[in-house]
Structures are given as C-alpha cells and as structure tokens.
Amino acid sequence: MKVTVVGAGAVGASCAEYIAMKNFAAEVVLLDIKEGYAEGKAMDLMQTASLNGFDTKITGTTGDYSKTAGSDIAVITSGIPRKPGMTREELIGINAGIVKSVASSLLEHSPNTIIIVVSNPMDTMTYLVHKTTDLPKNKIIGMGGALDSARFKYRLAEALEAPISDVDGMVIGGHSDKGMVPLIGHATRNSVKVSEFLAADKMQWVVEETKVGGATLTKLLGTSAWYAPGAAVSGLVQAIACDQKKMFPCSALLEGEYGLNDLSIGVPVILGKNGIEKIVEIDLSDAEKAKMQESAEGVKKTNGLLQL
Ligand SMILES: NC(=O)c1ccc[n+]([C@@H]2O[C@H](COP(=O)([O-])OP(=O)(O)OC[C@H]3O[C@@H](n4cnc5c(N)ncnc54)[C@H](O)[C@@H]3O)[C@@H](O)[C@H]2O)c1
C-alpha cells in the first residue's frame, strides 16, 4: 500500500504521521513545492519510527511526481489555509489552480489512484477534480465530514459531561461554517438520543459550536488546525487501504441522492478498497432536508466561481 500526500504543511505532515502511527501502509510519499520541505518533514517523521514503533517508510520529494508513481491513494492538502476571519470559500482563487494541476500530475504517474481532497473550499475542490479528471466518481473523495463529526462529538461530550467514547453523531452537508448540517436529532449517547439528556438550548449550542469549530481554532492558532484534520484523513485512508467498509460522511458526487445533482457534498458513504462503495441515504426530517438543500445551494454558488 503506497500513499502519497501532496502538501507537506501542517495538515499533510499530520496526516502522514497518523497514517504511519497506525502502521498499515508500506510507504508514504510526501510532496511539496517548497524546496527541501517534504524531505525534511519525512526525515523528521522517520526519526520517530523507532520511538513510536511503526514500519511505514516515509519519504519526501520537492515536486518530483515520478516518486509518487503507483500510489494506491493520494491525498491533496496543497494550497493555502485560511487566516482568522476568512471563510474557506475565500481560498478558491489560489487553491483551484493548485488542486487542478496537482490532480493532473498525480494521475500521470498513478492513473488508478484514489484521490482524497482536503484543500479548501473542499467540496468545490472535490467537484473540480471530478470535472477535470477522468477518474470514476467512486475514486474522488472529499474529506470534511469526518473532521466535522469529530468536532461535533467533542462538543456533544462536553455538553453531556460524558466521555467521547459514549457519544455518536454525524455532520453532513457542505464543509463550511454555514453549510454544515450536524444531525443533532440522530446523535446518541450509548444509543439513547441526546435529546433525552440535553435541553433544546444546549443542543443548539452544540450545533453552533460545531459549525464554527474550524473558525474557533483558526482564531486561536492564527491558521487553520491540523491534528484533527490529519487524524480524520488518516481514518479515511485506513478504511480504503484495509477495505474496512466503514461509514464516514464524505464529500461525494451526487446524482439524484438526497434529491441533489451535479455537486459534491458531505453525505454518509461506505469506504472500502474501491473508494466510495456506496452512498448511504438516511431518512432526514423535513427541517434537515431543508438545511441540506440550503447547504447544497451554498456549495453550488461556490462551484459557480470555478473557471471550468
Ligand atoms: N477539508 C478539511 O477538513 C480541512 C481541514 C484543515 C485544513 N484544510 C485545508 O487544507 C489545506 C492545507 O492546510 P495546511 O494548514 O496544511 O496549510 P500549510 O500552508 O501548512 O500547507 C500547505 C502546503 O502546500 C504546499 N503547496 C502549495 N502549493 C503546492 C503545489 N502546487 N504543490 C505541492 N505543494 C504545494 C505549501 O508549500 C505548503 O507546504 C488548506 O487549503 C486548508 O484550508 C482542510
């Protein structure tokens, strides 16, 4: 199993580290355009191997895509992150060009790879890869919902004063402050709906804090977060690499599912060796359906900014 991670910045390096720590991949190649940067990050990470007990070989390259040849999975994290006060959508101008050229270079050397898009605005960048490559739709996956769901569970546990292992919940919709749809009505503590434990205002607090989860961290850190994003990507990579058939909310190209068409947006999917093996359509309440529709309109508006 060979995994390439393009962009050896905060998220890319964190993602490579978590993949290595889980010890399921033979090789991780980090690629960046900044001279020596990926090589340096790879060497630093390799020097943790004996300390952390993993055998995954991590190498780095400055822009040499021949080193990524034969990748089973490729993660795109290259591009600029947001600064405090910025929305993810504002990154489109720079990141669209980067994501398009990176996807094309990856496919030249690994025509059968599965691409996981992380760069923001993620749903639109995922759609861009669908529109500009010949990869089948099951092989193009956007990572956002796995992270947003982890942030949702963090806030649920906080509100419930419960350990995180007690709670379960999922965020679907667009990966943006306004577009996220945390499914609070479906969230549970040990299979009991959280509405049994939380008052309506507390549930609303969880929803709102989840939606601005990324912005809260960007304000604190001065740039966007990397540990949870990296861990979330590594979960997707592992599910594909180990054919786990796990369910994650991911940005997938919809063709009628959820009543939506011609966009990539967060919905529950089953991930296995073929990438997206199934889009899972769950029953949504009328209010959730309306939020999903509104979210889709937001994503489509951003997609409209692409010069395809
Ligand atoms: N989808 C998500 O849930 C999620 C979460 C966090 C961050 N992000 C996004 O991920 C991206 C990366 O964030 P970060 O914090 O790691 O940023 P970063 O600045 O730390 O790293 C980005 C790296 O990309 C490299 N790069 C730029 N252009 C490149 C190119 N053409 N080829 C190869 N490498 C290139 C840069 O040199 C840099 O090292 C941002 O767009 C951010 O918004 C998405």
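Using the three backbone atoms N, Cα and C, a Cβ is placed for every residue, glycine included.
Feature annotation from TrEMBL assigns active site, proton acceptor to HIS175. For HIS175 (active site, proton acceptor), other Cβ atoms within 10 Å of its Cβ number 30.
Classification of ASP32 (NAD(+) binding site) by DSSP places it within a strand. Packing around ASP32 (NAD(+) binding site) is summarised by its Cβ count: 25 other Cβ atoms lie within 10 angstroms of its Cβ, all protein chains included. According to TrEMBL, the NAD(+) binding site annotation covers GLY7, ALA8, GLY9, ALA10, VAL11, GLY12, ASP32, ASN95, VAL118, SER119, ASN120.
Within 10 Å of the Cβ of ASN120 (NAD(+) binding site) there are 27 other Cβ atoms, across all protein chains. DSSP gives ASN120 (NAD(+) binding site) a coil state; it is part of no helix or strand. The substrate binding site annotation in TrEMBL covers ARG82, ARG88, ASN120, ARG151.
For the domain 'Lactate/malate dehydrogenase N-terminal' (1-142), the model's average pLDDT works out to 97. TrEMBL lists 1-142 with the feature domain 'Lactate/malate dehydrogenase N-terminal'.
TrEMBL lists 147-301 with the feature domain 'Lactate/malate dehydrogenase C-terminal'.
Other than the site residues ARG82, ARG88, ASN120, ARG151, same-chain residues with C-beta atoms no more than 8 angstroms from the centre of those residues' C-beta atoms, the substrate site, are PRO81, THR87, PRO121, MET122, HIS175, SER176, ASP177, GLY214, ALA215, THR218, SER224. If you compare every pair of Cα atoms in GLY7, ALA8, GLY9, ALA10, VAL11, GLY12, ASP32, ASN95, VAL118, SER119, ASN120, the residues listed for NAD(+), the longest distance is 17 angstrom. Separation of the C-alpha atoms of ASP32 (NAD(+) binding site) and ARG82 (substrate binding site): 19 Å, rounded to the nearest whole number.
ARG82 (substrate binding site) sits 9 Å from ASN120 (NAD(+) binding site), taking the C-alpha atoms as the reference points.
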